[in-house]
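Worksheet: the structure to be examined is printed underneath.
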Amino acid sequence: EENNHKNNHQSCKTRLLPKRIILVRHGESEGNLDTSAYSTTPDYKISLTEEGRAQARLAGSHLRDLVSSQGPCPDWRVYFYVSPYERTRSTLREIGKSFSKKRVIGVREECRIREQDFGNFQVEERMKIIKETRERFGRFFYRFPEGESAADVFDRVSSFLESLWRDIDLNRLHSDSSQDLNLIIISHGLASRVFLMKWFKWTVEQFERLNNLGNCEIRVMELGHGGEYSLAINHSDEELLEWGLSPEMIKDQKWRIDGNKADWNDHCTWYLRSFFDYESDSEDDVERS
């Protein structure tokens, strides 16, 4: 047991971080085209349209250009995580056409990044009323009858992230330090948003500002010089604003390009101030009344 502990400790010390973690929403589905499809077909069986497959092929070409043309390392690899839904698996199948077999380290179907559960077959008129109620209640905490809230999705995506970090810590995804590893997660709009929320410590209020990803839209988190991941390396301020990030959130993304994880609390004073009413920066203790 002592030897195993030492080996694990050594592995954690020399863990190989992915160069990029890339989130991809599935291509256009039959449900995106006509919401009545959900009343006769189970959500997980909803397929891509021809346009959706074309979007996925284009996304695959874009992803390959992204991971192969940036940085000094010509030896790169990809590892895929995919939601078990038909539309995400089909998106992966089309994206995969852009990558040769030697470039793909592996793929894993991951149920925890599936679509939000809206409650079995969905009656169109009833769902319209339910979604109007959700807008009044709040998108994050509203739970669909017989389904999930965004908070429920956050919990299972958080569990997935813990497993992902464990695999990274133990170098289970790749073991060759000469290769750039790119993790590509093919999922759904909400799952991708709560993934980013969890990763970057965004609050519920900040989540409510976010806009959904378009079909086959991509979010690229790239490793910065200080060991933090940032959206600002591959995406412009205009893009980040369009996605719903506030100026403070964008400033944080830019800091992460060179910032050190240990300095995050000192840097992100706006985050602390979102919880406390500090009238000054005085270090004096507040007297009790």
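Using the three backbone atoms N, Cα and C, a Cβ is placed for every residue, glycine included.
Look at TrEMBL and you will find H26 tagged as active site, tele-phosphohistidine intermediate. Residue environment of H26 (active site, tele-phosphohistidine intermediate) contains 30 other Cβ atoms, counted within 10 Å of its Cβ in all protein chains.
The feature active site, proton donor/acceptor is assigned by TrEMBL to E115.
TrEMBL lists R25, H26, G27, E28, S29, E30, G31, N32, R87 with the feature substrate binding site.
Here the CA atom of R87 (substrate binding site) lies 10 Å from the CA atom of E115 (active site, proton donor/acceptor). Same-chain residues that are not part of R25, H26, G27, E28, S29, E30, G31, N32, R87 yet have a Cβ within 8 Å of the Cβ center of the substrate site turn out to be L33, I46, L48, T49, G52, T91, N215.
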